[in-house]
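Q: My questions will all concern the structure given below.
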Amino acid sequence: MSDQANKPAEWHGAKMEFKESMSYGDYLGLDQILSAQHPLSPNHNEMLFIIQHQTSELWVKLMLHELQAVRGQLRAGELDPAFKMLARVARIMDQLVHAWDVLATMTPSEYTAIRPYLGASSGFQSHQYRALEFILGNKNPQLLAVHEKNPPAHAILERELHTPSVYDESVMLLARSGFAIAPGRLERDWTLPTEADESVKAAWLVVYQEPDKHWGLYELAEKLVDLETAFRFWRFRHVTTVERIIGFKTGTGGTAGVSYLRKMLDVVLFPELFALRTAL
Ligand code: HEM
């Protein structure tokens, strides 16, 4: 054996031996993450399809983590950390908007080869995505049924359904800041989707008319508008990518497909924040 073979491996001073200590892969659980891709078809392109969905789910997990903290910060009146987190969520959403460019490299022929292997599975059944919609105020109790076979996911959604959304917390903050918000808006049934309220619109209008006086609320409103704008782009890129790939075929999840996704483009998460712009 040469002397070289007996020497411990060395590379620019980097630690090379991890029998006793935690490595990068240990810390990140990479064995689990990287062994979770199981293509069902013989088609090369299914790996793209799987990884695109899995990475999106990871980013949605982070958005939920941030938004749950934002809700707590708003309740505690700690706006600065909430702004930081809201900015992060909007940037994550922007990144997911651009991620569609990668999936758009999948042609209809390639998807058609995979589709029979997908069964009835669809992003429509993403419990994290549903929780994201709920925490932003787009509540829909009917959609919990999809998650009955997964009790932990069902429980998360059930809890999220009954908890005031990030926007509800923003409206409560308006009230605590001295704005006259209709009592019915402050004690509403939290399981219902956000509905425009005149008293909320009037309050935001004042904030926008006198931003210097209400800077914190003004900044909060703009951060929310940033987030909703990025979310709208995401929905738009989804539907256009889907049309490009499957045309007007029905979805694997059972909806009419593109026409269903187009209807979702009409969802407005923070209605008064957009309505006030016409009134200003
Ligand atoms: C070839 C790629 C894709 C196609 C053809 C596609 C198609 C569809 C269709 C047709 C629907 C409506 C429900 C149904 O009937 O299935 C849907 C919903 C959904 N998809 Fe996709 N999708 C694709 C990629 C993705 C990716 C990469 C994500 C990211 C996680 C995603 C997330 C969702 C979500 C969250 C919904 C529910 C939307 C809602 O209910 O508002 N999709 N998709």
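Heads up, the Cβ atoms here are built off N, Cα and C, so glycines get one too.
Below are the features I grabbed from TrEMBL:
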- Phe49, Ile50, Ile51, Gln52, His53, Tyr111, Arg115, Thr252: substrate binding site (BINDING)
- His238: heme binding site (BINDING)
Q: Report, as a single number, how many Cβ atoms besides its own are within 10 Å of the Cβ of Tyr111 (substrate binding site).
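A: Tyr111 (substrate binding site) is surrounded by 20 other Cβ atoms within 10 Å.
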Q: Which of the three DSSP states, helix, strand or coil, fits Arg115 (substrate binding site)?
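A: Assignment for Arg115 (substrate binding site) reads helix.
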Q: Can you count the other CB atoms that lie within 10 A of the CB of Phe49 (substrate binding site)?
A: 20
Q: When the Cβ positions of the binding-site residues Ile50, Ile51, Arg115 are compared with the atoms of ligand 1, which fall under 6 Å?
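A: Near ligand 1: none of them.
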Q: Give me the CA-CA distance between Gln52 (substrate binding site) and His238 (heme binding site), in Å, as a whole number.
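A: Gln52 (substrate binding site) and His238 (heme binding site) have their Cα atoms 12 Å apart.
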Q: Across the record's substrate-binding residues Phe49, Ile50, Ile51, Gln52, His53, Tyr111, Arg115, Thr252, the largest CA-CA distance in angstrom?
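A: Taking every pair among Phe49, Ile50, Ile51, Gln52, His53, Tyr111, Arg115, Thr252, the longest Cα gap is 18 Å.
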Q: Within 10 Å of the Cβ of His238 (heme binding site), how many other Cβ atoms can you find? Include all protein chains, please.
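A: Other Cβ atoms within 10 Å of His238 (heme binding site): 19.
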Q: Measuring Cα to Cα, tell me the gap between Thr252 (substrate binding site) and His238 (heme binding site) in whole angstrom.
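A: A Cα-Cα distance of 15 Å.
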Q: If I take the alpha carbons of His53 (substrate binding site) and His238 (heme binding site), what is the distance between them in whole Å?
A: 12
